[in-house]
Amino acid sequence: MSEPGASGVPALSENGAAGDHDEADVLGSSFWKGWPCKWMKKNILRYKDKKEKKEAVMPVPKHALFYKMDHKNRGVAVILNHENFMTNMKLKSRAGTNVDSEQLEKSLRRLGFQIESHYDLTVEKINKVIERVSELDHSDNDCFLLACLSHGEQGILYANDAPYKPDTLWSRFTADKCPTLAGKPKLFFIQACQGDQLDAGVLLRSQVDSSPSYKIPAHADFLIAYSTIPGFYSWRNTMRGSWFMQALCEEINEHGYTVDMLTLLTFVNRKVAVDFESNVPDNSVMHAQKQIPCITYMLTRVLKFSEKTETNEVY
């Protein structure tokens, strides 16, 4: 199946510029066979003994309502940006994704994150990045964030050379494997299709130290936000970037310090659902389609960013 905008005359933007149109981050055919994922080496954490015992320092008292967001550092934010793919993958270049990456860097820097951006990585290199970052000492960090911008299908993301499972991105950050992030928010944002279904929409008419220790599930404190629901297209404008990343960056810039994360992502959902519609006039099937992001929310406390006294620099 061809991507929207893959053939015919490019759609015109609002100001009439050629080349401004919407595309879907989905594939023509599955390329799942022979997925080559395997981890690279053993743990080399300085706190290895504590990790092997599956113990971690609790960042907040058991019944605290809010995450502790006044550590020395905000934390590391990893951006995996995929624009081009190997020829044998038969995947179209993702025009507009660099706009997403640049805007996301700016927005996350405003929140105080240390940014680590990577471009067109292979599966092996993605695994190495994930392993290295998971083995860092995050003790002085508030949280961790990772964003992946790529092509995808349901249950599949695409690296430069091969597909891989989405849980590759977060499986090494569970509390038992990354103790210095235990009890801290771990945020994952995925800009990719999850299938090839279309959503035409429906027209609406107006009418701490002294506290006792406690156990937590290894998979607690995760938030995984997909740009679309399972089985559906995710749209990306070739000049302005993806709908999801546009909305996310706008809401972070406007409300990053004033509302909690769940509220902010609700605003993102509303913006994507209401303000965007696909512009592919040369393809009646793809034209005037809608999208809604999908959030898996496993945070156990309210996450609200507070301003840092010092701005973290880019790696």
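In case you wondered, yes, glycine gets a Cβ from its N, Cα and C as well.
Automated prediction, rather than curation, is the source of TrEMBL annotations.
Segment annotation: TrEMBL labels region 'Disordered' over residues 1-20 (candidates 1-20, 121-140, 161-180, 201-220). Helix first, then strand, then coil: DSSP counts for the domain 'Caspase family p20' (73-197) stand at 38 helix, 34 strand, 53 coil.
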